[in-house]
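See structure below.
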Amino acid sequence: MEATRRWFSKFSPREKHKPHKKETTSTGDEASKSPTSEATPSNATQQKVAAAKQYIENHYKEQMKSLQDRRERRNMLEKKLADAQVSEEEQNNLLKYLEKKEREFMRRQRHKMGSEDFEPLTMIGKGAFGEVRICKEKATGHVYAMKKLKKSEMLRRGQVEHVKAERNLLAEVDSNCIVKLYCSFQDEEYLYLIMEYLPGGDMMTLLMRKDTLTEDEARFYVGETVLAIESIHKHNYIHRDIKPDNLLLDRSGHMKLSDFGLCKPLDCSNLHEKDFAAGNNYSGILESDGRPIVRKRTQQEQLQHWQKNRRMLAYSTVGTPDYIAPEVLLRKGYGMECDWWSLGAIMYEMLVGYPPFYSDEPMSTCRKIVNWRTHLKFPEEAKLSCEAKDLICKLLCNVEQRLGTRGANEIKAHPWFTGTDWDKLYQIKAAFIPEVNDELDTQNFEKFEEVNRSSVWLAFTYCLYVSLCYSFIYEYLFLVSGYSRVVMRFQQQHNQVHGGRCFLQRMSTSWVTHTRTTRL
C-alpha cells in the first residue's frame, strides 16, 4: 500500500518553492527613488497608438453613420409609399426589396478592396510621388479617380505623415465642398486612394481659357472656396496648398477642394515646418540678388507672360509660391489664417488675370510676398469695384488684420458678398458649366503621354537584338581579319626562304580581298 502511494505521488503537482526575500535595509538614496520607473514610449509606438485610435474612431463613426443612413432611407421610402397610397402588399414588396439592396451594399462594404478590383484608364494628373487616373470598378462599373502613390518615394522624402493626414481628413470630413474618398488600400509598392471623379477640370484650366472672370462669376467661385476652407477648418485642419490647381469642377460646374497632401492637423506634433515643401524651396528670400529692375509690364503683357509659364510652373518640382502666405515663407508660427491669404491671391487672379505678386522667377515672387505692402497694386485696366479691392486688401495683409482669422463669418459678412445665399450656393446654377460628353470624358484635363510597357519592352528587345547582331558581325570580321594577317605574315616568311608565289599566297590574297570587300 505504501509503495502504491509513493508511485502515485510521482504524478502529483509539486509546489514551487519561492525564494525567500532578503531583508535589506533601505538607505536614504534608495528611499528617494520612485518605486516604479515608467519608460516613455518611442515615436514609433506613439504613432502606432495614434493610428489605432484613429482607426477605431473612424470605424465606429462610419458604423453609426451607416446605421443612421439606412434608417433615413427606410423612413424616406415609407413616407413616399404612404403619400402614393399603394396597397399594403406592394408596400411590403418594396420594403423587402430595399432590405435586399441594403444587404448587398453592406456585403460589398465588407469586401476588402484591392487594385485588382479596378480597371485603370486615362491619366489625368501626375506628381512627384505618383499619378492620378480615372478608373472603373469591375463589379459595378462606377467611375472613380485613383490616386496612386509610390511608397519608396514617400519614405525617401519623409511624406508619410502628410499622406496619413490626407487620408484621415478625407475620411473624417463629409462635405459637398470636398472631394469624397470612397476607399483606400495598399500593396507592396503603392498606396491607393479611390476618390470621386470630377470631370469638369480645375480652376487653373478655366482661368487659362477665359483669362479673367467677371465679378459675379468670381463671387460664385470665391464663395464656394470659402465654404470648402471653412469645412476643413471646422475639423481643425489647415490645407496649406490652396491654389487654382486644387479647385476642381464637377459635371454641373460646382467647385470642390482637393489635394490634401500638405494639410496639417493643428493638434499634430509629427508635422514640422521643415516638412512644408515651400519652406525648403524658397529659403533666403529676403536676400537681395542685385539684379537690375526690369521694366514694368502692362496688364496685358503680364497676363500673356503668366499664361505662357503657368502650366510649366504647375508641374515643376519646385512649384509656384504665388499663393503662399508671408508668415509661411518666413517660417513663423502660423495657423488657419494662411489659407485665407491664398484665397485673396486666387480672387485677385480671377479678376485681374494673374496672381498679385507674380514675377519671372520664384525667388522674386517670394520677395514680393514678404514685402507685400510695396508690391500689392491693382492695374487701372482691371476696373475692379471698391468692394472687391477692399476684400482683397483685407485678405492679403498682416495676420492680425486678416479677415477669417476669427472665423469664416468675417468674410461672409463682407459687402462684396451682399446678396449671397450661403445655404443654397451649391444648389443654384453654377457660373460656368463645363462641356462633358460622358462619364469617362477627360477633355477638361491636361493630356499626359502614356507609356505603354509592352511597347517599351518590344523596343528594348529590338535594340538588344540589333546590338547582338552587330556584335556578332564585328567579331566575325575581327577573326577573319586576324586570320588573314597571320596567313600573310607566314607567306612573307615563306617567300623569303623559298621565293615565288605558291598556293598559300594566292589563298591569303583571296582572304584579304574578301575581308576588305566585306568592310566596305
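For all residues, glycine too, the Cβ spot is worked out from N, Cα and C.
Here the structure is a predicted model, which means the values were calculated and not measured.
Sequence annotations record features per position, and here TrEMBL assigns region 'Disordered' to 1-72.
What TrEMBL lists as compositional bias 'Polar residues' is 25-48.
Packing against the compositional bias 'Basic and acidic residues' (56-72) from elsewhere in the chain are residues 102, 106, 109, 168, 171-172, 174: each is 6 or more residues past its ends and has a CB under 8 Å from a CB in it. According to TrEMBL, the feature compositional bias 'Basic and acidic residues' maps to 56-72.
What TrEMBL records for 118-417 is domain 'Protein kinase'.
Residues annotated as ATP binding site in TrEMBL: LYS147. In the three-state DSSP scheme, LYS147 (ATP binding site) falls into the strand class.
Look at TrEMBL and you will find 418-472 tagged as domain 'AGC-kinase C-terminal'.
Per TrEMBL, transmembrane segment is recorded for 456-479.
Using DSSP to sort the residues of the compositional bias 'Basic and acidic residues' (56-72) gives these counts of helix, strand and coil: 17 helix, 0 strand, 0 coil.
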